[in-house]
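Colleague: Here it is, the structure, as structure tokens.
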């Protein structure tokens, strides 16, 4: 049996850890150099400077402009004016559109989509460029989705300087994405141009900085990905993003284009996520290089396809990833099984050679596989426990101010797991047992991914295809020489790290440490590659184990010492004032939110309660008698033949965010008719719900009339809730007391006026 000598064992482990540090540093540095230079305003190519000027002209006061608001209507008009000044004739699609959710809830909005058709020589061959121009109520949306709007306006300008192309273009500035993809759905279902587009490009943002990442593709988009990669350097993309995104509760307008089975590309930036959906998503914080990167991605891709004869791309989906941002590695989805077969043959050959030359046994390889599996799972468990310790002792999450300390603590705890349990599990195993066990582990998960989420399979197949051929050759050619085999172990460390570490980087950027278990899994795979670099039983692990544990505790302590949130990376904390005829409530976030001492002093009687009749979420609440400071809702209601005729005057329409009507689930509600739209409520799907709802979004809902139909005479209460942006004047001091480390997020601070109607046998009573 070929065995490594003891002096080698320490050297190999040291080399392994040094390689991890060097390669991580290299990848981080490489990514930081990836953003393009901002082109000047006189450039003949895409210029982020010009796009920013357009964006600031649309929203000079940098105000929030949610869908359906008067401010968003003004921004829409400004977009139209800009397009007209460029020589276009925009089409305005105004549509009252409703989203229905499982026959228990309905949300409606009047959307104004702005559509420009740039005709090509082939009238039926058009590419769709999509951007939503609404923001959330909490922030002005300079990035989300100002970068998309700015990109489309700059593309419109550049197209005017270009001769007519073979391929046409549809520019879609849609409204209502933040509230439920209203504009995109109205366009795809009702606009005639939707049937003439053959390809879709969409731009999104989940932060105010970062690379423009190709994170999602449409149906049969393999050739599009290859075309994009051929035009851009560097690139940042892989098929893992799209697979993960399928299982997340987030949606973009691209979902609607995907439903049409359009090929397409969806780009987004995601750094500085604490700015996302907050007042910090403003022009001061917008990274111009990010805007430039979005523009370069879109414009260079368009330049590559606009002179094609048609948009009939090859129908294929591919598994893909970038290599250091400079090279696209890909293969067709259908090739995955072939690659698995090749990997299986090579693995069997390696096991055969290792067994023949007495460097491994089948039993040892299986034990090595179990060792790797156990270490990966233990890393995930320890990382999750580490996260829970932080959240329990500090009472907060996610940690936004700086993730470096807790990320390093997870890194060291995974190394500690390797040193603590690796020796125990691998006591009677050889280096080759562990090496082939790691490759068996990768082959198993590659097969699982190929069946369940083929886009993830590259994580395992690439290491297999690189490491297995070299391992097999080394075993057959250098069977009596240990040194070449050592280099195959080193190669495993490098390849695994290069493939897996970018996934950790993305998880850090998007989710802070809230996905510690996932990060533990990835780090577990990386550290498991060290097992085969040295026979752990020969390593003096006690000193290293203590060292890793000490560093884990040090970095965990550093996490406790630093503030969880800063002014530039704050927590989201909405303040809401709700009032009915008798009671007023101030709601200051969920219990886990950190409250500034000044806010606690301003609200001394806060208690944890469920203030909203329509949901069971617990909040911090301070109740008092009604002060009658919210806008007054006027209701007119009449119950005739099991039909409730309801008229709502919410007043102050220009500051109105939405009007919602709630019915008890057992009220026998069967349908609601409003603005000539009929919405059916199914008793079979409502029996496990507490409330049914109808919502109208936007200031045009200030005067709302609807008819609710019941299957029998209804009883109980109907709640009408009107929500307005911001707090009443008498509660403005709470905003200052909230402090600068907390900001409103998503819908932001709200004033809610609540009225109720009691339904009885003789009619209805307010």
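Just so you know, glycine gets a Cβ as well, placed from its N, Cα and C.
Caution: TrEMBL annotation is automatic and unverified by curators.
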Colleague: Quick check on the annotations: TrEMBL lists transmembrane segment for one of 547-565, 566-584, 585-603, 604-622. Which range is it?
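Modeller: Here TrEMBL associates transmembrane segment with the stretch 547-565.
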Colleague: Quick check on the annotations: TrEMBL lists transmembrane segment for one of 278-297, 298-317, 458-477. Which range is it?
Modeller: 458-477
Colleague: Can you tell me which recorded stretch out of 323-354, 366-389, 401-422, 458-477, 517-535 has the most Cβ pairs within less than 8 Å of the transmembrane segment (434-452)?
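Modeller: Checked against 323-354, 366-389, 401-422, 458-477, 517-535; highest Cβ contact count belongs to 366-389.
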Colleague: Please determine whether the transmembrane segment (547-565) and the transmembrane segment (323-354) are in contact (criterion: at least three Cβ-Cβ distances under 8 Å, sequence separation 6 or more).
Modeller: no
Colleague: With an 8 Å cut-off on Cβ pairs and a sequence gap of 6 or more, do the transmembrane segment (366-389) and the transmembrane segment (517-535) reach 3 or more such pairs?
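Modeller: They do touch: at least three Cβ pairs between the two stretches lie under 8 Å.
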Colleague: Which stretch, 458-477, 489-511, 517-535, tops the Cβ pairs under 8 Å count with the transmembrane segment (323-354)?
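Modeller: Selected stretch: 458-477, with the most Cβ pairs under 8 Å.
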